């Protein structure tokens, strides 16, 4: 279960990083609305494109980690005392579902 919580911590850190980048994107978007110079607009646009790429990379990384966690959760059910419905299984499944939900929320924030 210790390795599982390490994975959860990693994903939470990535989600926080993603939130920070989305916040930066929203700020850059607001900044772009008041800019009149083309050179400043280009700089903002370049920064925003880089941030968008970074969010995509982080989201893909999180998705891969969540899929791996799902596979590990199913494999863990085969261990003695960790079958379906046990407290360990419920904990693992609820944490994984919560992380998936947070990723979905972050992606919705990103698309707004």
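Quick reminder: no glycine exception, Cβ is built from N, Cα and C everywhere.
What TrEMBL lists as coiled coil is 8-35. What TrEMBL lists as domain 'Syntaxin N-terminal' is 1-112. The feature region 'Disordered' is assigned by TrEMBL to 74-93.
Shown for the domain 'Syntaxin N-terminal' (1-112): DSSP residue counts in helix, strand and coil, namely 97 helix, 0 strand, 15 coil. Counting same-chain residues at least six beyond the ends of the coiled coil (8-35), those with a Cβ under 8 angstroms from any Cβ of the stretch are 41, 44-45, 47-48, 51-52, 54-55, 58-59, 61-62, 65-66, 69, 95, 99, 102-103, 106, 109-110. Here the coiled coil (8-35) returns a mean pLDDT of 92 for the predicted model. Counting residues 6+ beyond its ends, the region 'Disordered' (74-93) has Cβ neighbours under 8 Å at 1, 4 in the same chain.
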